[in-house]
Amino acid sequence: MYQLLIADDEFEIRNGLSQYFPWDELGFEIASLVENGREVLDVVAKQPIDVILCDIQMPVMSGIDVARELHQQNSPVKVVFLSGYREFEYAQQALSYGVKSYIVKPTKYNELENVFRKLKIELDQSKGSQSPSTNLPEEKESAAPETVIAKVKSYLEQNYREATLDDAARLVHMNPYYLSKYFKKKTGENFSDYLIRVKMEKAKEFLMDVNNRTYTISEMVGYSNVKNFTRTFRKYVGKSPREFRNWE
């Protein structure tokens with residue numbers, strides 16, 4: 001495993017990047033989390049670090065200053081910049097200090113994955129490791145992914161009427177696009193399909209009570225239009241709500 005240091009002055013970003021991205025599957029493990037550039041250099045001086053994922057705008061010492069210092073030291077540590085906005089001046093400076101990539105927040109899953117897959121190949125080659133195809137770590141379920149998926153599923157099962165991808169993403173401190181990809185990767189099911197499944201299973205339960213009208217059940221599971229609810233129910237169950245009730 002290659003050692004990764006994450007530096008960002010925002011706790012939620014540090015926490016989200018460290019816990020909710022499958023670093024181990026790409027060949028990296030989190031060595032340290034810090035909130036400013038000075039702490040980055042302190043960690044690098046004390047322990048082996050292969051890659052730094054670093055915010056540009058940080059207190060005490062900026063990401064640019066960190067990259068400059070490492071460049072002057074001829075450090076082999078590779079730096080990837082994070083920034084809330086793209087500025088040509090920063091991009092120029094980053095290139096001059098040997099920064100490997102420049103990622104604009106909010107970070108997209110595919111972009112982050114592609115950057116670190118390329119870095120893995122570079123590190124393998126520079127260290128004389130075996131090829132990436134034979135040196136990738138076995139995929140394994142860790143506590144963090146299980147916790148994320150469990151939280152999202154619990155949220156959907158308790159808030160199915162008004163649940164949204166954006167709200168679920170906020171709950172686990174993730175970008176909505178990233179969460180959608182992550183949920184699919186870990187469960188094999190699309191976020192939207194899982195939510196529909198939860199709603200339809202609840203609707204089946206409500207239909208067991210003959211006092212519940214179809215339009216009432218439609219509203220209970222988050223459909224303002226009863227026709228849309230009926231269409232979705234039929235597609236999921238193979239029967240209309242009325243047919244399902246009579247069949248049961």
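A Cβ is built for glycine as well, from the same backbone N, Cα and C atoms used for every other residue.
What TrEMBL records for 3-120 is domain 'Response regulatory'.
Sorting each residue of the domain 'HTH araC/xylS-type' (150-247) by its DSSP state yields 71 helix, 0 strand, 27 coil. Annotated domain 'HTH araC/xylS-type' per TrEMBL: 150-247, in sequence order.
Within 10 Å of the C-beta of Asp55 (4-aspartylphosphate) there are 23 other C-beta atoms, taking all protein chains into account. Taken from TrEMBL, the feature 4-aspartylphosphate covers Asp55.
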Model confidence over the domain 'HTH araC/xylS-type' (150-247), averaged pLDDT: 92
